[in-house]
Structure formats: C-alpha cells, structure tokens
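> The structure is given below, and queries will be raised subsequently.
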Amino acid sequence: MNGKKGSVEINIPPAAKAKQPEVIRKSSFQGLSCKAWIWNVWEFCKEDSNRVTFSFKVGLAVLLVSLLILVQGPYEIFGTNIIWSILTVAIMFEYTVGATFNRGFNRALGSLLAGILAIAVAQLALRTGRVAEPIIIGISIFFIGAITSFMKLWPSFVPYEYGFRVILFTYCLIIVSGYRMGNPIRTAMDRLYSIAIGGFVAVFVNVLVFPIWAGEQLHKEIVNSFNSLADALEECVKKYLEDDGLDHPEFSKTVMDEFPDEPAYRKCRSTLNSSAKLESLANAAKWEPPHGRFQHFFYPWSEYVNVGAVLRHCAYEVMALHGVLHSEIQAPYNLRKTFQSEIQDATNQAAELVRSLGKDICNMRRSLKSSLLKRVYSSTERLQRAIEVHAYLLTVQCDPPDNSSKPLPKLSHAVSSTLCDLPDQLDNLDCTSPEKSSNQLTQNMQSGTPPPAQTESYHEMMRKQSRRLHSWPSREVDAFEEEGGFSTDLLPRMRALESTAALSLATFTSLLIEFVVRLDHLVEAVDELSKMAKFKHEGL
C-alpha cells in the first residue's frame, strides 16, 4: 500500500467510470427495444395489409372533411357547426364497408330523430315563456336520457344501441346550444347538414378507395377455420404417436403456460374463439350491396355462422385430444405404436374430409362427399375393430382371449414387440394367483433372503416406466423407495397402475371416433350453405 516491499496496490476506479458500463448497457437496451418495437409493428402490418389500408383511408376521409374548415368559403356558410362533420367521420368510419353502412344508418336515423325532437321541444319551450323554458328543456333532457338508455338495453334493440346513443347526445347538444344561441331551428339544421356531409364523405371513401368487404372477410375466416382444424388434428395425433415420454415434463403450471406455444393448441384455440368475430362480420355483411363473387341479394350470411358453430363443436374434440396428450396418465409408448396405423389412417381421412369441405366453400362449388365419407367410415371401423379384438392389451390379464374363430385384422408388428418387451417373469406372475405370489414374497422377506433377481428387475422396470410416464398415482413408487422393500399389495397396485395407464389409449381413440361422428353434422351444414348460397356444382 505505502510502497514497501511485498505490498499490493489496489486501484479503485472513480464512481463515474464505474457507472459507465451500466449507461452503455442501458442505451443498448433501449436500442434493442426500439428495434423490437419496429419489428413488431412490421409483423403486425404484414399479417394483414388491410390494416394499413384502413388507416390511410381514415386519414384521407378526415383530410377531405377538414378542408371544409380550412377553406374560407364552406366555413363562412356553416360556421363552427362544420366541426360535426369531422366528428361524424371519426365515429362512422369502420374497418369494413358493411360496418360503416350499419354505423351510418344508426347515425343518420338517430340524428334525424334527435333533430326533430329538439326542434319540437324548443318551439314548445319558447311558447311557455322565459321562466318555464329552461324547466321544460331540463325535463325533456331527463326523459330523453332515461328512455334511450332503457331502450338500448332491450334485447330486440341491441343492434341499434349506437343509434339510441346518438339520439341522446345529439338532442342534448342541439337543445342546449339552441337555447343559448336563441335560434334552435337554424342550429339544428346546420348541424344536420354537417352530419350529412361527414357521413357522405365516410361512405364515399370507404366504398370507392380499396374497399374492405365484411363478406369477403367472413368467407376467408371460415375457410381458414377449416384448414386450422385439420392441421390441429393431424399435429395432435402425430405428436401423440411419436412422443415416447422420455422428455415429457410433469403436468404443472409451467406446462400450462407452454400450451399456447404449440401449433395445434394455437390453431384450435383460434377456431374456438372465432364465434364473436364471425357474428360481427355476418351482421356487417348484411348491410353490404352485392359485390365480388356475392352477386345476388339476401345472401345467406347467417349460414356461415351456423357452419362456424359446428366447426367449434369439432374443435372441442381436438382440444380434448390435446388434453389427453398432456395428461399425467399416459399409455406406454409401445402400446401406442401398436395401433399407430389404424389411428393414423382415421386421422388422415378425417383431415382430408375437413380440408375438402373448406376447399368447396373457398371455390364456392358443390361436390359430393360420399366417397370421402366412405373412406372415413371404413378407417374408423378398422380402428374400432382393432380396439375390440385386441382389448386385452388395454388391461392386465393372464392370457389373451381365444379369437381363433374370428379373423384378426392386420395390425402393425408393434403388438409382438409390446409383449416381448415385458420380461419372462411377468408371465409367471400373471399365471399364478396374486395370493401365492404375495405369500412367497413375504416368506422371503421374513427369512432374510432377498427377493429373486427376476422380481426385482420387474419392479425396477415398472418403477422406471412409472417415472417415465409420470402416471397417476406416483406415490406408490415413492412409498416403496422410502420403505426400502416390497409390500404385500405392491404388485396388485402396480398392475392396476399399468391398466389405468393403458386405458388412456382407449380414451384417445374414443375421442377421435367422436370427432369423426361429428363430421356428419359438418357435412350437412356445408351442404345447407351451398344450397342457400347457390354454389355451382362441380364440373359445371
């Protein structure tokens, strides 16, 4: 320290220099966050280019209306009331043409009724004198506010909720400003003219400048739902058949948080959450004139909502399959491979049928699905037959049933591999009674001799399999490890554990068969839509 021999010198940097790296890290972090924000904006715009189009259209409409204020001539005619045209554009301009027409109708009707009521009440108040005039105006505002607020809650008037809101605030502003300015009729007429100008500009820009039709959006949304459902089904079944359970984490909150990252879960969830969007698009499409491929009046947009409802019922089954995939009770991997060909065939045929229905809606054509339905039914029957004939694999029994009189379907060679994976000792334990096996184990433990190596290897195999499959209940293996030996009822418990795990495969196949059954309703819904929408027959 002081320059003596053997001393060590320690240099302490100043406080400002010590904080310099932190400042550098902070600035670099801000730069990265800015880049990430720009990238998110780019991805958001790239996902749907109509969002950018809609933004520019709103800017153009507001600019056109603002010119009425910026230019001296129109401003001298309308005065400050022209500001209502800007408010009308901001309120009326919606994402789709149909929604703009719907909002414009509510705006026009509400403003007209409010203007008529305001003029009538103002004339009545003027005739009563200066003393009673504000009282009548106040009472009228109270009744208009109460009546409109009550009527917009009525179930039949829910679609016109915005119109009642327009009546309320338009009436209040006209009647109050007219009372102070002394000429309510002129005030009401100027504001109605301004509202009409704003509504015309909003509709003009939205229809003529890159129109975004709600009918087209609804049509694409339904087609995407078909493809998403088929993809989710195939991905879920593929993962179930290929997952050997070695790296399968325990079912916990962490796994639940990771579900949205899986493609099958994300696609299925988008189909389940599409109900409100489909209804909103269908209600907006009813206001649109014939356009594009939808050339006839009274197009059955409500049938798209019905098809979407049937699709969601099919998506429920896929979500249930996804739940079995992540359940704690898992069938052994070799047992799943046993029925792989039948499960995969039924899945492929069902997914092909779903995609074919979506393609018919996309091309607006009608085609017979009898051949596809026959293939789906035949593949499902093969799966049911395989489960019925080889049901002994799903339970722990002594011997497989005698099916010599029945022709066995050709299963994959995984059946023999599944049975050969079990040690020879398991066959001996199955053929003997449980009481005899447990008594022999008890005598060995009392005499001080260790259990046979064969039984110990069987238990070791079951312990590893239970850990690998994290089957319920896992506390049986933990209890054995804590006690350090066999209990008399350990083998029956582990046998029940193995049987319960194997039944998970039966649950998965039953859900898959239920999905196929619901495809009948989906075919009927699509056929009803094609009839009402007058789709062209295939080949015409």
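Note that Cβ sites are derived from N, Cα and C of the backbone, with glycine treated the same way.
Nobody curates TrEMBL annotations by hand; they come from automatic prediction.
Checked TrEMBL, it gives:
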TRANSMEM  52-70  transmembrane segment
TRANSMEM  82-102  transmembrane segment
TRANSMEM  108-126  transmembrane segment
TRANSMEM  131-150  transmembrane segment
TRANSMEM  162-180  transmembrane segment
TRANSMEM  192-214  transmembrane segment
COMPBIAS  432-448  compositional bias 'Polar residues'
REGION    432-456  region 'Disordered'
> Near the transmembrane segment (82-102), which residues from the same chain, at least 6 beyond its ends, have a CB less than 8 A from one of its CBs?
50, 54, 57-58, 61-62, 65-66, 68-69, 74-75, 191, 194-195, 197-199, 201-203, 205-207, 211-215, 217, 280-281, 283-288
> Pairs 6 or more apart in sequence, C-beta under 8 angstroms, 3 or more of them: is that satisfied by the transmembrane segment (131-150) and the transmembrane segment (162-180)?
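Yes, the transmembrane segment (131-150) contacts the transmembrane segment (162-180).
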> How about the transmembrane segment (108-126) with the transmembrane segment (162-180) - do they touch, taking at least 3 C-beta pairs under 8 Å (6 or more apart in sequence) as contact?
yes
> Could you give the residue numbers and ranges of same-chain residues that sit at least 6 residues beyond the transmembrane segment (162-180) on either side and whose C-beta is under 8 angstroms from one of its C-beta atoms?
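Residues 103, 105-107, 109-111, 113-115, 117-118, 121-122, 125, 133-134, 137, 140-141, 144-145, 148-149, 151-152, 187-188, 191 contact the transmembrane segment (162-180) from elsewhere in the chain.
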